[in-house]
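Over in Swiss-Prot, the protein carries these features:
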type     : residues                                       : note
ACT_SITE : Lys177                                         : active site, proton acceptor
ACT_SITE : His295                                         : active site, proton acceptor
BINDING  : Asn125, Thr175, Lys179, Arg296, His328, Ser380 : substrate binding site
BINDING  : Lys203, Asp205, Glu206                         : Mg(2+) binding site
MOD_RES  : Lys203                                         : N6-carboxylysine
SITE     : Lys335                                         : site 'Transition state stabilizer'
Amino acid sequence: MDQGSQTIKGKDRYKSGVMEYRKMGYWEPDYEPKETDVIACFRITPQDGVDPIEAAAAVAGESSTATWTVVWTDRLTAAEKYRAKAYRVDQVPNTDDQYFAYIAYDLDLFENGSIANLTASIIGNVFGFKPLKGLRLEDMRLPTAYVKTFQGPATGIVVERERLDKFGRPLLGATVKPKLGLSGRNYGRVVYEALKGGLDFTKDDENINSQPFMDWRERFLYCMEAVNKAQAATGEIKGTYLNVTAATMEDMYERAEFARDLGSNIIMIDLVIGWTAMQSMAKWARRNNMILHLHRAGHSTYTRQKTHGVSFRVIAKWARLAGVDHIHAGTVVGKLEGDPATTKGYYDICRDEFTHRKLENGIFFDQPWASLNKMMPVASGGIHAGQMHQLLDLLGDDTVLQFGGGTIGHPMGIAAGATANRVALECMVLARNEGRDIVNEGPEILQEAARSCTPLQQALETWKDVTFNYTSTDSPDYAVTATASV
């Protein structure tokens, strides 16, 4: 969409009263973004009768320096520099009322190393702006100069693998089920059986903190006893994600320190704690040589719908800057939202040294990562051993595959469920390394392995008909049609 700048110049720019945003300098179609600019792509849905150019200029204004009327104090600032600039508006393919608005922000508008400050502008009051039916932050380009003000993941994929001494395959985990109600002793039994059976990790779920049925100290003690026994029994390094999420930072630090003192190598936090708490825990994890796992609890309240909110690809970028080592990023084949092409984009953001623009995966900008450590994506939610060929093909080696119900729901017990998943993974990795077509031969490869592994045979029989084939609500706009889950 092309429309010339209508910015009012000179003294008329500062006349008292209300002025269109585009005339105030927030629409600059000839602007060439600088390498140091923060660039955002918004999906805007204007109210009926609202011009999309004016809507884009309004988003630029309300997310940077503007208010609803002209203020004389603009003349006391370098307004030309600090005003965000909407410089391009494109109609969203296959829509009549949605537009992609590209907006550039001067780097000086943001505090170094602060996700809280960045988000206060980019997704602040502007998301309640009445002239818009909907507003969604689709993607951001964060310049190298800004990226380098963040610590990034404290451990990273390479060092995590070195600590675990596990290479050449995805890591295996399981969320303890039921997520609520177990006593500390029984919780620890689940952890031990799963780790002894072949998993690398177990984890707390997002809402297990410190409830009447199980105090957090009790859980930590029983879990670490289970980890130590499983390590002794198997000769492998094991771990369990101890959720330190709590009401205050003081409580979270206390729990994290207790986990460290018990010998844990990993702690967990929930996305709902907020960005300041997340960055604080990431700095603590770096100081204490701990892996930090982020459960994305709550994200779908604002990432799932296409017309309003924030895309998860943006959340993944912010999380990598903030410094978490793991993040739940979707499974494609599981029970939770996950378009294949879109999920591929999420995984690229986590693991790339430089993420290239790829519209078919929902990536709108090239993104340099300035040597920040890579972040391990986690696949969790409704997956089982019978999908192992799909998971390995779609998600690759550098991921954690978490089979909660797919381990603990095994008809032969928890240890058997873990063994089934470990055998399924190792037979699939071996077949891939031998050059076999695991996508098409996957079921056959699993059946071959199951002939000498009863737990795997039982898993394949139990969940053979379980699929979650629903069309995704968040597929790339530059694909021809929405892609159904595999």
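Quick reminder: no glycine exception, Cβ is built from N, Cα and C everywhere.
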Note to self: For the C-alpha pair, I'd like the distance in angstrom between Asp205 (Mg(2+) binding site) and Lys179 (substrate binding site), rounded off.
What the structure shows: 6
Notebook entry, point to check: For Lys179 (substrate binding site), what is the secondary structure by DSSP, using just helix, strand and coil?
Noted result: coil
Checklist line | When distances run from the Cα of His328 (substrate binding site) to each of the recorded positions Lys177, Lys203, Glu206, His295, the nearest one | finding: His295
Checklist line | Whole-number Å value for how far Ser380 (substrate binding site) lies from Lys203 (Mg(2+) binding site) (Cα to Cα) | finding: 11
Checklist line | Site with most surrounding Cβ atoms, counting all protein chains shown within 10 Å, from the binding-site residues Lys179, Arg296, His328 | finding: His328
Item checked: Nonlocal neighbours by CB distance (under 8 Å) for Glu206 (Mg(2+) binding site), same chain, sequence gap 6 or more -> Lys179, Asn243, Thr245, Asp270, Val272, His295, Ala297
Check: Here are the binding-site residues: Asn125, Thr175, Ser380. Which has the lowest count of other Cβ atoms within 10 Å?
Finding: Asn125
Next item on the list: Could you tally the C-beta atoms, other than its own, that fall within 10 angstroms of the C-beta of His295 (active site, proton acceptor)?
Entry: 26
Next item on the list: Work through the recorded positions one by one (Lys177, Lys203, Asp205) and point out the residue whose CB has the fewest other CB atoms within 10 angstroms.
Entry: Lys177
